[in-house]
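This report concerns only the one structure given below.
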């Protein structure tokens, strides 16, 4: 029994209703069974975050795949969750405390963590609720959090097993210190940005008074921690100085001149200062030469007690003062303006300070090797394939991973220290006393683990590991990971090596990479530019289906996507087009019960639309299997808008309105095509398709569990497609000719179709009704004819078309209108010629502007030619 649709589509009302229905009926939930599994783990968004366009794209793509596989009969689990986001979340709560005039230290660790958990409870559900408005068909009953009990147990277990294997160690090392976030961050959390700076040339006096050694540096404030000057062993200029001492300016400490191949002879003077405590390369040089490590900056990037009289100065103030003092001493040779790469914290954009500190590290080489092998042997595949090379290059050059963070919010490192004997005690349980000396004076490491450490375990920790649960056995390895190209190193690579280490299998078989969502000008969306678009607002104004469809049709794997409001409006127009066509179909299906399609009763249009439906089923299925989601969506858009709505629905009207026989057959075909098309479109636009599908005769409780459409052999009909294509070409050309001279749509007249081809003649005569209905013209088919006077001429599909104008338009008025158009065009040609002949314009205007104006001029000349031809033809007739 069909039920008609309201005249206007209201997305908000429809979306709320159906999401509630799906969730309450448990359609998203699944348990292991005998079916083939399909599993996706959601990249966990920050628990305190808000839905942004990147999330909207990422989760739309995952939802399309989940809904598609569910309809194909797979046991489909899309596992959702959120990330505790150490630095970001702690910063949010500290910001709140600052408003109250407090710091985290005022509260103490325990009370501060209570505040963070309270913040998480207040704001943690915001993003998951926003994902619901997008239509995400996740199994919310299985929602996880990286700090929940199960994930915390997994994190502790992984840390301790790696520690026991010797793959986690603690050592002094140069790390990336963020003075604003007050923590170490890993190499890949550092953004290297090109910045203007200066290269300072400084004279270091030789200890024997025989002269100077000139070094070049961009960071004179760190010279207070220099413990050597290095030159290349093959640099003839300095060979005799190797082994001698220079006096460190401002500190007056003798330091050696050493030879090391690390030095670039061509950079600066070929002599470089070595500061092992404040530069990663210098640190390595220092280890090779057993140099002391002098730290001169504290946690706030302020000069410390080793900086002498500069103690207490901010690093940039110290730089300024040191340069002034060097000038006064006559030791500053020169300053050179340069552009160089400067590391910034990816969270807060503060300039990173390389700094010596004791941290926890994961030894990466043994873990990277299996992850490299997995990509080389095809155990894991990247889509597009070009990202395999990017992934491998990073793993080939990987450094040990610094995993400790100087934060309170996160997974605390499961290691205790004995205050009496210094014993290091890794433990799964809380340590009360030292196993070595039995002292009860023990304390836990204050640091927490890098957020990405727990995220790296996501594909197996969320399925119950370290317990060997039914879910873990059934759903692991997961099927595909959908994620942005910006976190291949942060997350994808780490999940791969952790999965291989602890599960002995890759965590996912394929990685589908998408790009970033940029603004219309191709810029990253950011608060500072004020160019962000809020998906929640877009859903409120245009509906979730329109946003989803716009995002996916503008997307190709691995490439960035530009957000255009015009395309969003286009997606909404598409939803309205589908709604209106469906409303028409439903109005004509009242009291209809499907009986099945009888081939012998089908018209050419029926046979054509069913054959085209078959092709669309095959193409959409193939595109989805290849992760070409944008191509699949475009295929559906063109079929629904152009072929179904604009052609087939229009061609059924004479039959439905009783002007021709075959109304029942038209209803059967309309029903079959609309229902199947809705099922194909459902993964992309879940809400509107459910709303319409539920009003059609159907089996089952929801479209999301309807079987995925399959092509039918009896729908195949290449001949019908070929014939219909010819008929459509002829109709389009007649329409074009009528539009050229502004024939009113209601004005009907004769059109002469000239062809000697018997098959074409039969096709045109049998479908004269279609030409009359869609081209508002009465066709007369003849084998040959001279060009009639006062007729427009066209050619389509091997048919010559004559459109006599005499009875269609007022020839005098049309000539007058065309002359006015010609006058405007001539004025534009004159204006553009003057502009393009102006030397001032050509000299000042950008090349693309000049080219655009030239293109306009060419187009106007073409228009002038067409108008003159039409005026000539009308003048001849008059």
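A Cβ is built for glycine as well, from the same backbone N, Cα and C atoms used for every other residue.
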Feature motif ''KMSKS' region' in Swiss-Prot, mapped to one of the ranges 524-528, 529-533, 534-538: 524-528
The annotated motif ''HIGH' region' range in Swiss-Prot, which must be one of 45-55, 56-66, 67-77: 45-55
Contacting positions for the motif ''HIGH' region' (45-55) when only residues 6+ beyond its ends and CB under 8 Å are counted: 82-85, 88-89, 92, 119-120, 123-124, 126-127, 130-131, 134, 145, 484, 516-517, 525, 532-536, 551, 563
Average pLDDT across the coiled coil (804-871), rounded to a whole number: 89
